[in-house]
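Going by Swiss-Prot, these are the annotated features:
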type     : residues : note
TOPO_DOM : 1-23     : topological domain 'Cytoplasmic'
TRANSMEM : 24-44    : transmembrane segment
TOPO_DOM : 45-478   : topological domain 'Lumenal'
CARBOHYD : Asn84    : N-linked glycosylation site
CARBOHYD : Asn215   : N-linked glycosylation site
Amino acid sequence: MFKFHQMKHIFEILDKMRCLRKRSTVSFLGVLVIFLLFMNLYIEDSYVLEGDKQLIRETSTHQLNSERYVHTFKDLSNFSGAINVTYRYLAATPLQRKRYLTIGLSSVKRKKGNYLLETIKSIFEQSSYEELKEISVVVHLADFNSSWRDAMVQDITQKFAHHIIAGRLMVIHAPEEYYPILDGLKRNYNDPEDRVKFRSKQNVDYAFLLNFCANTSDYYVMLEDDVRCSKNFLTAIKKVIASLEGTYWVTLEFSKLGYIGKLYHSHDLPRLAHFLLMFYQEMPCDWLLTHFRGLLAQKNVIRFKPSLFQHMGYYSSYKGTENKLKDDDFEEESFDIPDNPPASLYTNMNVFENYEASKAYSSVDEYFWGKPPSTGDVFVIVFENPIIIKKIKVNTGTEDRQNDILHHGALDVGENVMPSKQRRQCSTYLRLGEFKNGNFEMSGVNQKIPFDIHCMRIYVTKTQKEWLIIRSISIWTS
């Protein structure tokens, strides 16, 4: 952590550097932005991951030898402040109140295909009337071709006029004059020059979009312009956010593809916008998002399944090349995140490394993994308070390890929690049923069980030679 007198000394040095001749201006700016990045991203958090430190060190060593950087970096004196851009409102009515979630899209002219209208349609059609009150959609038409922009605005206003009037849909454009130079950039990763230009501009497109959306809502989710949404995705997102109350997070992921479905606190958007703008020519946007998450001290990916958003475009926005990427975790209908009420979990199975019991109960993409279980081994969930359960679903094994399932087991529910020297546990259990092909699912549990449930346990009925993965335990309460 920087001390005040150290900061003062640094600023005195920087102030003296301003007196250097003009040819030193760019180098000074290079030093300044690296200093500011550390100040803003490091001073508030306890550590920076080594990989991200290396990124900063490598970037800081690049020779800043062009006047174009002056324009790019001149507004970076405050990473929490807005980037100075005057936007053009192509279709919008004033936002009367702050919403819960802003959905941001950036779109450019494609050589083949156009999926933007279908994406906007999916957002609105997959949302209920109540959900529509809590969202705003911001579309950044980022292409410099004014004829294309005019045509797209006409199509959008014709199809979604009522959403524009209601303040749910805004179409904006950041003028070309605010963009840094996009030609003659470094060819990192030996990318061809046109690809470097494409991905570098895309980073700036998103930086300006994030900058605009910083004060429109409490949360922000990033989409591409060729995506379809799961039914009631907002309700699912709200449920996840509520379940993480009190937990530190920077990025939540609701898709495993690129930067589709990345969710942020809106108060982080200014820093993320500055970050993308600073390193716009270094690497693709999704890589930068990963580094940003690490710099703000979220070490691990927090991704939820099933995915809420699916890539539907067939042709890429880069050169119109074929792009058949699909998220096989996507479920379009009735996405229902379980309640999974607070509970303690334990097992007497031999746990492998850090794949502990609690990971099977999390809605994050992780699981419990144990060495071969024996007859009588148990995996127990003790709820903080007795609950009424509507539905239970337990899945074992994974795609990669399809034989690491529970081959012989049953699921029991219990009552009458008794204290013990080691942990709380129930004194009596009632068997609900057996596992079939490694899975257990039962609806209407509350109609079959005459008591409030204090415990739930997975009971191994026969020794197996295979290891056991419990991929997910899902509980819905009434």
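Positions of Cβ are set from backbone N, Cα and C atoms, glycine also.
Cβ packing within 10 Å was compared across the glycosylation sites Asn84, Asn215, and the lowest neighbour count falls to Asn84.
The separation of Asn215 (N-linked glycosylation site) from Asn84 (N-linked glycosylation site), Cα to Cα, is 15 Å. On the 0 to 100 pLDDT scale, the topological domain 'Lumenal' (45-478) averages 85 in the predicted structure.
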